[in-house]
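Notes for the one structure printed next.
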Amino acid sequence: MKRILLFCGQDEAIATQAQAYLFYSVPDLFAQALLHPLRIYLRTQSNTLPLTFCAVVSILGHIPINYFLVSKLSLGIKGVALSGVWTNFNLVASLILYILLSGVYKKTWGGLSMECLKGWKSLLNLAIPSCISVCLEWWWYEIMILLCGLLLNPKATVASMGILIQTTSLIYIFPSSLGFSVSTRVGNEIGARRPEKAKLAAVVGLSGSFVLGFSALFFAVSVRNIWASMFTQDKEIIALTSLVLPIIGLCELGNCPQTTGCGVLRGTARPKVGANINLGCFYLVGMPVAVGLAFFYKMDFEGLWLGLLAAQASCMVTMMVVLLRTDWEFEARRAEELTGGYEILDENEGVDDEKDEPIKAENKGDCLC
């Protein structure tokens, strides 16, 4: 990884630290591979309180773990990476213990059977676009970090970028949680053939997302002069962070509705639409704007974040247009077709009774699918 970063023009000291952090974070990939399915398994059953409790316990444990590894053992950046791995494995273990001890699995677990090998195609058709949609957004931030290494003062801008990305990650928790909740509720209502209630859930969720967006803007503007000093005493880093925090607040005005909108799209089994929106807005709108402002118009660090603002604004507008055009009756029929229609046809091969035929949802030609 160090060679790749150096090839991209990054500072050698930064590349060395990045390689060390990534190497010691590798076990976290396994923890995350277990953690996300466990979260979704409980969330789809509207069993969210244990998720919150286990997360709080793990976070409280993270503080002494981080202190022990970084300060007591003097592991530095390696300790930061290992403390994150340790905390995530603690969270995985606590969720597994809850599922086993509470017996919540009994309602959904029928034992191992050959049925486990079926339905993977339809699952992957939904899972892969959802994954790509999230990756496209977060990879954009990683590219921004690489671009920071090419600016006039790479050490200060990369450090400030780290603080700002952690800030956006903190804010992202709220619209992300709302998006997951809306996705579950919309999916349940659509699956139960209650399109009006699904639409109501989407409207309520999106309304809440705008409230979250304005709250994030207020927070970012309010703390802009003191936030960076919680992480560093370097005056240059503090100045850069203070300059960009209001832009982050404006970005959240678009990010909160966009994240919640992605939840609505997941609930209606349209993750490909979300992936296409993120691809177009972040890479065909945001990236050219960011590069142009930062390097050609000499706006430096501020220009990169204005590129993100352009991406988030276009993303929100496109998402709202797609959601406003949603035919909820059609989505309910399509959900019935996806979850049961074709299976009925396979089980009753050769039967001519029209009642046994699957309900066909007419394709109205969503150009973003």
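For all residues, glycine too, the Cβ spot is worked out from N, Cα and C.
Annotated features in TrEMBL:
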TRANSMEM  49-69  transmembrane segment
TRANSMEM  81-101  transmembrane segment
TRANSMEM  122-141  transmembrane segment
TRANSMEM  161-180  transmembrane segment
TRANSMEM  200-221  transmembrane segment
TRANSMEM  237-256  transmembrane segment
TRANSMEM  277-297  transmembrane segment
TRANSMEM  303-324  transmembrane segment
Thinking of Cβ pairs under 8 Å, which stretch from 49-69, 122-141, 200-221, 237-256 has the most of them with the transmembrane segment (303-324)?
237-256
Counting Cβ pairs closer than 8 Å, which of 81-101, 122-141, 161-180, 200-221, 237-256 has the most of them with the transmembrane segment (277-297)?
122-141
With Cβ-Cβ distances below 8 Å as the criterion, list the same-chain residues six or more beyond the ends of the transmembrane segment (81-101) that contact it, or say none.
20-25, 27-28, 31-32, 34-35, 38-39, 41-42, 50-51, 54-55, 57-59, 61-62, 65-66, 69-70, 75
